[in-house]
Structure formats: structure tokens, C-alpha cells
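Report on one structure; see the data block that follows.
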Amino acid sequence: MEAEPSIYPMAGAAAPQGDKGPLGIPDGSEAPLDELVGAYPNYNEEEEERRYYRRKRLGVIKNVLAASAGGALTYGVYLGLLQMQLILHYDETYREVKYGNMGLPDIDSKMLMGINVTPIAALLYTPVLIRFFGTKWMMFLAVGIYALFVSTNYWERYYTLVPSAVTLGMAIVPLWTSMGNYITRMAQKYYEYSHYKEQEEQEPQKRPPRGSHAPYLLVFQVIFYGFFHLSFACAQLPMVYFLNHYLYDLNHTLYNVRSCGTDSLGILRGFNKTVLRTLPRSRNLIIVESVLMAVAFLAMLLVLGLCGAAYRPTEEIDLRSVGWGNIFQLPFKHMRDFRLRHLVPFFIYSGFEVLFVCTGLALGYGVCSMGLERLAYLLVAYSFGASASSVLGLLGLCLPRSVPLVAGAGLHLLLTLGLFFWAPVPRVLQHSWILYMAAALWGVGSVLNKTGLSTLLGILYEDKERQDFIFTIYHWWQAVAIFAVYLGSSLPMKAKLVVLLVTLVLAVASYLWMEQKLQRGVVPRQPRIPRPQHKVQGYRYLEEDNSDESDAEGERLGDRVEEEVPPAGPGSGPETVGLCRRPCPYEQALGGDGPEEL
């Protein structure tokens with residue numbers, strides 16, 4: 001009896017020649033599998049790779065713009081709110097009507113003390129916070145603290161203003177340290193994505209040449225500080241569109257002022273105690289503060305949603321795995337580097353000049369002679385002058401790196417000498433154009449100073465395991481300088497100008513001495529970054545190579561491994577070679593030195 005044919009064809013059996021499937025493709029053993037699962041015929045691997053890295057570069061530019069805009073909005077909201085509240089609280093009628101005997105001047109003094117004194121301790125905790133949270137999340141947390149300070153002004157009491165001011169003071173140095181570190185990392189990433197072909201030809205663990213990312217770093221710092229100095233103009237919007245409508249003119253506020261400029265003593269001695277013609281309604285104040293709060297919240301969203309990570313997750317783990325004790329000590333150990341010691345006077349001057357333009361030039365020269373209603377326009381001139389001239393920093397692409405930095409210092413030197421011998425007459429507006437021009441030129445020097453210093457630090461210290469320590473030292477010295485200006489606010493203007501001149505000359509001389517040492521080939525003394533010590537978890541750290549070790553450590557490790565390799569002999573083979581490798585962390589945890597010999 002013959003077996004009935006199977007209804008279903010047997011798997012793998014050859015189909016009759018000429019049979020085709022429902023799609024018209026030959027079926028059976030002769031089916032052209034390459035047409036079904038093969039590569040896309042028009043696929044161009046090189047073109048796809050180029051598009052991929054172009055998207056990566058655009059992402060880096062997006063990160064730089066988002067961080068710059070977020071920092072500018074945050075600082076603009078902070079300065080605008082602080083300026084508006086201090087002017088309102090200065091008016092004695094406003095204090096008596098709205099707050100009675102609550103002691104608002106005492107609250108303001110303690111609030112300013114919290115903002116200026118607390119950053120002195122930032123050197124102790126800033127690197128720890130940045131390594132713990134990560135660069136991006138530290139930026140987001142600090143911007144959130146600035147927004148918290150804005151929110152507490154809805155209910156102005158001692159228990160709201162003073163604690164928020166102290167918290168804000170703690171966040172100042174971490175915010176600008178993480179911003180400087182973030183911009184530097186973006187420049188390094190942009191170089192990697194622009195020269196990916198060169199890196200593929202090199203060894204996997206070989207780092208790019210020293211200073212290769214410098215042009216991108218300079219461009220990104222120009223963008224960042226162009227946005228940053230626009231924050232001074234944004235801070236004047238509450239004054240221009242709201243508070244100026246309530247202010248007395250200069251004939252009332254400056255009635256008892258007798259001397260201005262270089263002849264003045266303290267801050268606005270003789271200024272009238274009442275500066276408001278009418279008191280602003282509480283409803284209008286709430287609207288203004290709500291707008292500022294919305295802008296602060298927008299800055300948080302920019303940092304959170306548009307800023308990408310500065311490091312890969314494995315790099316973040318490596319950076320915090322060197323030990324929290326080492327992270328705490330390394331900022332102090334880096335001060336043994338002669339380059340940082342020579343740059344400390346420039347760091348201090350960088351803090352002096354920002355406070356001088358906001359207090360000395362704006363108040364001692366501007367408000368004292370032109371009235372409070374023109375304060376906003378003077379600072380807008382400074383802001384636009386600095387932001388527009390930030391492109392001058394690009395001269396560093398074709399000139400030695402010392403030229404923009406020394407040029408900005410030279411411009412400040414000339415302006416300071418001119419201000420030292422000038423005392424404008426109160427309530428006289430004929431010389432107002434001189435003040436606006438001086439403010440704009442001071443902004444030119446400021447942006448060259450800031451751009452040059454940040455770029456110089458990113459070039460001198462391009463190892464990613466050192467950058468947060470270096471920018472912490474930079475911004476901590478700035479905070480110390482700002483604290484010194486806060487303590488010396490009652491000094492005569494001539495004394496302030498003398499201190500400014502001496503610091504500027506010392507900073508330039510010290511910087512040029514540092515450059516001369518580097519040209520002579522003096523090797524700086526840098527502290528060794530400990531190797532990451534990881535727990536035996538996951539697969540990432542069972543690899544032989546550590547992607548985050550410094551060049552010097554990699555060379556020492558390579559020499560040591562070469563010395564341990566025995567000479568090749570007749571008995572050498574795969575087993576012998578395997579005995580000479582470095583034990584993995586799992587074997588180290590078990591207490592063994594490597595694979596046992598059988």
C-alpha cells in the first residue's frame with residue numbers, strides 16, 4: 001500500500017524547479033536569500049558615518065547654546081530681582097508703609113552677607129558635589145537654587161530671605177565651575193566628532209594631541225560669555241519697564257550729594273532716603289516677580305531638556321571612583337602647580353572688576369552724577385559693549401593667546417587711570433556720554449578677560465580628570481575677591497581704584513612671568529590622579545584597559561607589564577602568555593594573583 005503524500009512540505013526539501021512564491025520570488029533551495037536578507041544595495045557606509053558625526057556635532061552646538069542661554073537667564077533674573085528689591089527696600093517710606101518695624105535693612109544686610117560670605121567655603125565641597133551629581137545635574141541643581149531664591153521674594157521675611165540667600169551663596173561657585181567645565185568638555189567632544197577618521201586610525205586608547213581642541217574651545221567660550229554679558233541687560237528690564245515709573249528725578253535724589261567719582265566716600269553718601277514718588281501696588285510687584293520666576297523656570301528647563309551629558313556614564317563612574325578623600329584634597333594639591341599660582345592675581349582681579357562696574361562705576365560715578373533713573377541704561381551700555389565685542393576673543397585664533405588677555409587688561413588700566421583723576425559734578429548731564437562710553441569700553445575689557453582666562457585654563461589643563469578642580473580654584477578666588485569688595489564697600493573711591501590698579505598690574509606681570517617659564521620649558525608639578533578603584537560589579541570593569549588613566553600612568557603601567565613578561569622560549573605558548581596578564585578585579589577580590597598554574 002503506497003503512503004499518502006504529505007499535505008505539508010518537509011522543511012529543507014527542495015522545491016520543484018520553477019516554483020515561485022506568492023511574491024514572485026523563486027522558492028525552495030534555489031531561493032536567492034541575498035535579495036531578502038542582504039545589505040541594502042544603495043547603502044553607503046562612509047556617508048552614513050559622516051551624517052552620524054554631523055548630528056553629533058550639531059548636538060554639541062545645541063548643548064553650548066542651551067547652557068549659555070540658561071546661565072544668562074539665571075544670572076539676569078538674579079541680578080534684576082536683587083537690584084529691584086534693594087532699591088525698594090532702601091526707600092524709608094516703602095519700608096514703613098509695607099513692613100512697619102520688621103527691620104528690613106537688617107534683613108537685607110544679612111541677606112547680602114549670606115550671598116557674599118558663604119562662597120568662601122565652596123572650595124571644600126564644590127568638587128565633591130560635581131563628582132557626586134555629575135556636571136549637568138550640578139548645573140541643573142544650582143539653577144534650581146537660584147529659582148528658589150526668586151520664589152522666596154513672594155513672602156519677604158527673615159526666615160525666607162536669609163536661608164535662601166545662604167543656600168544661593170553655596171550654589172554660586174558650583175554653578176559657574178560646572179558651566180566652565182561643561183563648555184570645555186563640549187569643545188573636546190566637538191574635536192572628537194570632527195576628527196573621527198583620525199581617531200579610528202590611531203590606537204584606541206591614545207589621546208588627541210595636546211591643544212588640538214583649543215580653536216573650538218575659544219569659539220565656545222566666546223559664545224558663552226557673549227550670552228553671559230547679555231544677562232546684565234536682561235537684569236535691567238524690571239527697572240526700565242516697571243520701577244523707573246515710580247522713581248524721583250535726580251534733583252530730588254541727589255539734592256544733598258556733594259562729591260562724586262574719585263572724591264566720593266563709601267557708596268552714595270548724602271543720597272536721599274526717599275527715592276519713590278509713589279509706592280508700587282503689591283499686585284504689580286507680584287506680576288513682576290512671577291515673570292522673573294517663569295524665566296528662572298525656563299532656564300531650568302533649558303538645562304534639563306537641552307543640555308546633554310558632559311561625560312559618558314562609565315567616565316562619570318571613573319571620575320568619582322578615585323575616592324572621596326582624594327577628590328576633597330586634589331584642589332589644594334593643584335595649587336602646587338606654578339601655573340595656577342601665577343594666575344591667582346588674575347583670578348582675583350576678575351572678581352574685582354565685575355563688582356567695580358556694578359558698584360563703583362555704576363553707583364559712585366553714574367548714579368551719583370546722573371541719578372538713579374539712568375542706572376539701568378548705564379549697565380545696558382556695559383552689557384551691550386561686552387556682548388558685541390566678545391567676537392574680539394576670536395583674535396586668539398590667529399594671534400598668540402596672551403594678546404587678548406593682555407589687551408583687555410591694558411584697556412582696563414587706561415580706564416582706571418582716567419577714573420582715578422575724574423570727579424563728575426552731581427546733577428550735571430553734559431558728561432553722561434563719557435560715562436556711557438567708559439561703561440561700554442569696560443565691557444570690552446571684561447569680556448576679553450573672562451574669555452581669555454577660561455580658554456587658557458581649558459588649554460593648560462585639558463585632562464578631563466582635572467578640569468573641575470581647576471575651574472573650582474578659579475571661581476573660588478573670584479568669590480574671595482567679591483567678598484573682599486563687600487568688606488571694603490565703605491572705603492574711599494581712591495582707595496578702591498588703587499587696589500584695582502595694583503591688582504591689575506600684579507596680575508599681568510605674574511601672567512607674563514608664567515608664559516616665560518613655559519617657553520623656557522619649566523615642567524609644572526601636577527598632582528597624580530589616583531587610578532579608579534571599582535567594586536566588582538558588572539562587566540564594564542573586567543576589561544584590561546582603563547580609558548580614563550592619564551598618559552603618564554599608562555606609560556608606567558606599560559613599562560611594568562613589559563618587565564613582567566618572560567622571554568620567549570620553547571615552552572612559551574598560550575598558557576604562558578596568559579599567566580602574565582594583570583589579574584582581573586574578581587581574582588583580586590578572591591585574593592589570588594591570577595590564574596593558577598596547572
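Cβ coordinates come from backbone N, Cα and C, glycine included.
Model, not experiment: these values are computed from the prediction.
Feature annotation from TrEMBL assigns region 'Disordered' to 1-28 (among others).
Taken from TrEMBL, the feature region 'Disordered' covers 537-598 (among others).
Beyond the ends of the transmembrane segment (60-81), by six or more residues, the same chain brings 139, 143, 146-147, 149-150, 153, 168, 175-176, 179, 182-183, 186, 189-190, 193, 220, 223-224, 226-228, 230-239, 289, 292, 295-296, 298-300, 302-303, 306-308 to within a C-beta distance below 8 angstroms of the stretch. Residues or ranges marked as transmembrane segment by TrEMBL: 60-81 (among others).
Feature annotation from TrEMBL assigns transmembrane segment to 111-130 (among others).
With a cut-off of 8 Å between Cβ atoms, the residues of this chain six or more beyond the transmembrane segment (137-155) that come close are 67, 70, 74, 77-78, 81, 85, 129-130, 161, 164-165, 167-168, 170-172, 174-175, 178-179, 182, 286, 289, 292-293, 296-297, 299-300, 303-304, 307. Summarising the annotation, TrEMBL assigns transmembrane segment to 137-155 (among others).
Non-local neighbours of the transmembrane segment (161-183) in the same chain are 63-64, 67, 71, 74, 78, 107, 110-112, 114-119, 121-123, 125-126, 129-130, 135-136, 138-139, 141-143, 145-146, 148-149, 152-153, 217, 220-221, 224, 307, 310, 454, 457-458, 467-468, 471-472, 474-476, 478-479; each lies 6+ residues outside the stretch with a CB under 8 Å from one of its CB atoms. According to TrEMBL, the feature transmembrane segment maps to 161-183 (among others).
As annotated by TrEMBL, transmembrane segment applies to 216-243 (among others).
With a cut-off of 8 Å between Cβ atoms, the residues of this chain six or more beyond the transmembrane segment (285-311) that come close are 59-60, 62-63, 65-67, 69-71, 73-74, 76-77, 80-81, 84, 134-136, 139-140, 143-144, 146-147, 150-151, 153-154, 181-182, 185-186, 238, 242, 319, 464. Under the heading transmembrane segment, TrEMBL lists 285-311 (among others).
For 343-363 (among others), the entry in TrEMBL reads transmembrane segment.
For 375-398 (among others), the entry in TrEMBL reads transmembrane segment.
Counting same-chain residues at least six beyond the ends of the transmembrane segment (405-425), those with a Cβ under 8 angstroms from any Cβ of the stretch are 259-264, 346, 349, 353, 361, 365, 368-369, 431, 434-435, 438, 441-442, 444-449, 452-453, 456, 494, 497-498, 500-501, 504-505, 507-508, 511-512. Residues or ranges marked as transmembrane segment in TrEMBL: 405-425 (among others).
Annotation source TrEMBL lists transmembrane segment at 469-489 (among others). Only residues 6 or more beyond the boundaries of the transmembrane segment (469-489), in the same chain, are considered here, and those with a CB under 8 A from a CB of the stretch are 112-113, 116-117, 119-120, 122-123, 126-127, 130, 172-173, 176-177, 180-181, 184, 266-267, 330-331, 334-335, 340, 343-344, 347-352, 354-356, 359, 453-454, 457, 460-461, 495-496, 499.
The feature transmembrane segment is assigned by TrEMBL to 495-514 (among others). Within the same chain, residues 262, 338-339, 342-346, 348-349, 352-353, 356, 360, 402, 405-406, 409-410, 412-413, 416-417, 419-420, 488 sit at least 6 positions outside the transmembrane segment (495-514) and bring their C-beta atoms closer than 8 Å to a C-beta of that stretch.
For the transmembrane segment (111-130), same-chain residues at least 6 beyond its ends with a Cβ under 8 Å from one of its own Cβ atoms are 138, 161-162, 165-166, 168-170, 172-174, 177-178, 181, 324, 327-328, 330-332, 468-469, 472-473, 475-476, 479-480, 482-483, 486. Below 8 angstroms of C-beta separation, residues 215, 218-219, 221-223, 225-227, 229-233, 235-236, 239-240, 244, 357-358, 361-363, 366-367, 404, 435-436, 439-444, 446-448, 451-452, 455 of the same chain, each at least six residues beyond the ends of the transmembrane segment (375-398), sit close to that stretch. Remote same-chain residues near the transmembrane segment (216-243) are listed as 64-65, 67-69, 71-81, 83-84, 87-88, 179, 183-184, 186-188, 190-191, 194, 280, 284, 288, 292, 375-377, 379-380, 382-384, 386-387, 390-391, 393-394, 396-397, 443, 446-447, 450-451, 454-455, 458-459 (criterion: CB distance under 8 Å, separation of at least six residues from the stretch ends).
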